[in-house]
Amino acid sequence: MSGTGTVDDPKAPLLPVVQDPGEARTTSEESSSIIRSLATPNTACVLLGPLLCAVVCLCVRFDGMGTASRNMLAVMAWIFTWWMTEAVPMPVTSMSPLFLFPLFGIAGADDVAKSYMDDVIALVLGSFILALAVEHYNIHKRLALNITLIFCGEPVNPPLLLFGICTTTAFVSMWMHNVATAMLMMPVATGILQRLPSTSQGTGRCKTIDNFCRAVVLGVIYSTAVGGISTLTGTGVNLILVGMWKSYFPEAGPISFSTWFFFAFPLALLLLFPLWGILCCFYIERDSARVLKNYLEKAHIKRELNSLGKMSFAEKMVLSIFSVLILLWMTRNLTDDIPGWGALFKGRVGDGTASVLMATFLFIIPNKRRKGEKLMDWGKCSKLPWKIVLLLGAGFAIADGVRSSGLAIVLSRGLDFLQSAPFWGIVPMVCLIASIITEFTSNNSTTTLLIPLLIQLAQTMHVHPLLLMVPGAIGAQFSYLLPTGTPSNIVGFTTGHIEMKDMFKTGLPLKVFGIIVVSFLMPTLGRVVFRTNRPMVYPQMNWQG
């Protein structure tokens with residue numbers, strides 16, 4: 001007994017425990033609650049990844065398949081299942097090669113980690129920081145309004161205005177990631193559409209307005225995809241292609257920004273004009289000018305542009321830095337006879353070097369708004385899309401694993417039927433296969449899966465690998481039919497102006513035309529730009545048993 005008359009119990013809690021009798025649960029009730037919380041579709045998808053991995057490891061047997069290649073296939077089944085179901089957040093899934101590859105004996109931890117930071121990743125980081133600066137100072141909006149003002153017409157010319165919106169979006173998408181472009185340009189486009197009356201069903205006037213709204217939203221969606229093809233920074237697929245080329249063929253020299261631009265920019269132009277024509281044929285009616293002239297006036301656009309005021313010092317500096325970066329990208333490598341500025345550094349610099357260098361200036365140059373404030377600070381970089389960076393790293397890691405494990409050799413046998421195809425039919429078939437797969441998986445995932453197989457197939461067929469790699473990568477960007485094909489499609493679909501049938505109506509002919517254009521340009525312009533007529537030395541595939 002203590003002095004207070006209570007029993008000293010060493011097991012008694014230090015603080016009194018007060019429990020509501022109504023909240024008390026038995027052990028069985030708690031267990032059932034835990035079971036109910038786990039019995040969800042998400043949990044099933046989480047378990048599906050390792051389950052498929054185990055099935056592949058235990059059951060899959062192909063002639064010539066070693067342990068390493070079978071383990072690589074199993075790990076890919078795990079990763080792609082989580083990617084497609086999004087059972088685990090995509091960035092987390094993208095980091096899974098960091099632990100799965102060492103555990104399954106595919107690659108060492110240091111080797112895998114190197115895939116997550118190379119010159120291509122540096123290119124992405126620097127470009128995104130510059131894109132955030134463009135967004136912060138509303139340069140994209142000023143550019144869009146100026147170009148729209150040029151194409152609006154007096155009185156309003158709907159086909160010309162649509163062409164202005166498409167070209168503006170495509171131009172912005174050349175220098176910014178597709179998703180960022182769609183997020184930036186869709187509000188600009190819908191801001192123009194907000195001037196129009198409600199498109200409720202009924203009169204012919206409303207149908208004309210409704211079709212014009214559909215054309216504008218579809219124009220932004222597809223122009224984003226088309227413009228992104230033009231440059232390496234426009235979309236992750238191009239970066240994956242360049243990264244894999246550098247990884248598989250380090251002695252061949254990298255695909256520079258200018259090299260890709262000289263091939264892809266004409267391709268984008270040949271897709272942009274048919275896109276505009278398709279939209280005009282399907283959605284711009286003959287009397288649209290008469291209907292829209294009361295709602296879309298140059299005066300309105302001028303007022304919105306004037307509300308932005310004159311360009312500030314900060315805007316001019318950001319635009320200047322971006323322009324210098326584009327110039328550096330275009331001139332790093334020119335020709336064999338006229339070397340670019342990269343030759344001054346004996347080939348040690350890359351496009352990522354220029355990207356990070358120019359992004360660094362944003363944190364040094366003052367913006368002249370407040371004393372000591374720079375054009376950018378790290379707080380403004382909180383919106384950096386790290387998930388895309390991690391996704392690229394995962395793609396490079398998987399590509400290295402597919403190659404080093406010998407899985408590329410095994411899987412490429414499934415494409416052996418292409419060996420019997422005529423030479424002129426190989427490019428369209430590769431492009432078609434990629435364009436079909438990409439409707440059901442992400443563009444980046446499709447590219448990551450196909451490119452290693454196409455490299456092995458090219459070696460078997462004794463053709464230059466870029467003859468298959470480039471059509472495969474570009475075809476993976478033709479996800480034009482489904483809203484879920486790309487995040488850019490989702491951005492447009494959520495506006496409420498378009499339906500699934502609109503995407504099929506516009507996307508199908510655009511996809512077919514795109515395959516035709518790639519099939520024509522690759523053996524002609526691609527032969528000159530990529531020098532595919534030169535003999536190619538393939539690296540020795542390290543096939544682990």
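Heads up, the Cβ atoms here are built off N, Cα and C, so glycines get one too.
Going by TrEMBL, these are the annotated features:
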- 1-32: region 'Disordered' (REGION)
- 38-60: transmembrane segment (TRANSMEM)
- 67-84: transmembrane segment (TRANSMEM)
- 120-139: transmembrane segment (TRANSMEM)
- 215-240: transmembrane segment (TRANSMEM)
- 260-284: transmembrane segment (TRANSMEM)
- 313-330: transmembrane segment (TRANSMEM)
- 350-367: transmembrane segment (TRANSMEM)
- 388-411: transmembrane segment (TRANSMEM)
- 423-442: transmembrane segment (TRANSMEM)
- 463-482: transmembrane segment (TRANSMEM)
- 510-530: transmembrane segment (TRANSMEM)
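Highest Cβ contact count with the transmembrane segment (423-442) among the listed stretches 215-240, 260-284, 313-330, 350-367, 510-530 falls to 510-530 (criterion: pairs under 8 Å). Through the fold, the transmembrane segment (388-411) approaches residues 62, 64-66, 68-69, 71-73, 75-76, 79, 90-91, 93-98, 101, 106-107, 111-112, 115-118, 120-121, 124-125, 128, 177, 179, 236, 239-240, 243-244, 247-248, 444-445, 447-448, 451-453, 455-456, 541-544 of its own chain, all at least 6 residues removed from its boundaries and within a Cβ separation under 8 Å. Simply put, out of 38-60, 67-84, 215-240, 260-284, 215-240 has the most Cβ pairs sitting under 8 Å from the transmembrane segment (463-482).
Spatially, the transmembrane segment (120-139) is adjacent to the transmembrane segment (215-240); three or more Cβ-Cβ distances between them are under 8 Å for residues at least 6 apart in sequence.
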